[in-house]
Every structure is written in structure tokens, then in C-alpha cells.
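Database features, via Swiss-Prot:
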| type | residues | note |
| --- | --- | --- |
| TRANSMEM | 5-25 | transmembrane segment |
| TRANSMEM | 39-59 | transmembrane segment |
| TRANSMEM | 72-92 | transmembrane segment |
| TRANSMEM | 102-122 | transmembrane segment |
| TRANSMEM | 134-154 | transmembrane segment |
| TRANSMEM | 171-191 | transmembrane segment |
Amino acid sequence: MIDYILLIISTALINNFVLVKFLGLCPFMGVSKKIETAIGMGLATMFVLTVASLCAYLVERYLLTPLHANFLRTLIFILVIAVVVQFTEMVIHKTSPTLYRLLGIFLPLITTNCAVLGVALLNINLAHNLTQSVIYGFSASLGFSLVLVLFAALRERLTAADIPLPFRGASIALITAGLMSLAFMGFSGLVRV
């Protein structure tokens, strides 16, 4: 049990996919202008990452490895992720049309979010079992969502700040992301990985 807690802490905080591994930067910068959109994107990504980790493990274990088709891993994982994202998009469209409109193009872009594919591939490379794969996917998405919501809150505060003209827009967003990355480096001594 303690191993799973350490896996969650190390994946969500210490080895954060956005701030440490630089995966998932497109939705991180694109959806973080409003906190409501960031929360919605975080929840959608959380669902997709967790389910995609489970599906990728099952496909690897029961399809690719027995057939010795490991060379198709990336292609098959992209297909699995696309199916999970399409399912998520249909569910969000039915349950919350407002959130569906707010997320716009970013929801289908979860398919090409490199963090989702990165988590699926890292699960295989780290030789996680089924439980560890699901926990790793969930904690990676938890870290992604946490960083996304915190960054959206900072960007909303920046709109009210008096920022010099050359730093407005993407410049101050990247500076803020860098400072967030430095803040998350403080977690590096928390757990030895």
C-alpha cells in the first residue's frame, strides 16, 4: 500500500509530466486561460489517461506480447487512445454541452496529447503490473490536472496585473510556467525514486 502512495506522490508531484518531463504542453498552454476550462480539461484528461493506461496495459499484455507484435506498440496505443478519447467526447457531449463547447478543439486534441501516449509507453518501459499501470496513469493525470488548474488560476490573476507590454501574452505565460516548474522542484527531496 505504501508503494502505491509513493507512486502517486512521485508521479503527480516529483516527476510531473508537464513541469518535469515537458509532456502535454499544448493543452497546458492552450486551455489554461480560464479556470473552468482548465478544470474540465483536467477531468477529461484524468479519465482518458486512467482508462488509456488500463487499456494499453491489457493490449500490450494480451495482444502485442503473445503475437510478438511489439513493433506496432506506438501505432496500436494511438488507436486505443483515440477510441478512449472518442468515448469521452461522446459522454461529455451528452452530459455537459456547456463543457463540450468550452473545451472545443482541445477535447479531440487529447488524442494527440503526448502525455497520454507517454504514460502508456512509460508504463510498459517501467514494467508496471496492472494495478501500478492504472495508478501511474491516474497519478500522472492528477499531476497534470493540478498543474493545469494552478496555472489557470495564475493566468487569471495575471490578467488583472499591470504587466509591461513586451511580456504580455505568451511571454508572461512561459515565465510563469518556468517559475511553477521551479516551485515543483521543491518536491524532489520528498521521495527517493
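Along the chain as shown, the residues are counted starting at 1.
Positions of Cβ are set from backbone N, Cα and C atoms, glycine also.
Remember, predicted model here, so these are calculated numbers, not experimental data.
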Inset, instruction - May I ask which of the stretches 5-25, 102-122, 134-154, 171-191 has the most CB pairs under 8 A with the transmembrane segment (39-59)? - result: 134-154
Legend entry - For the transmembrane segment (102-122), sequence-distant contacts whose Cβ falls under 8 Å of one of its Cβ atoms, 6 or more beyond its ends: 17-18, 21, 23-24, 26-27, 30-31, 34, 36-37, 40-41, 44-45, 48-49, 52-53, 56, 73-74, 77-78, 80-82, 85, 88-89, 92, 136-137, 140-141, 144
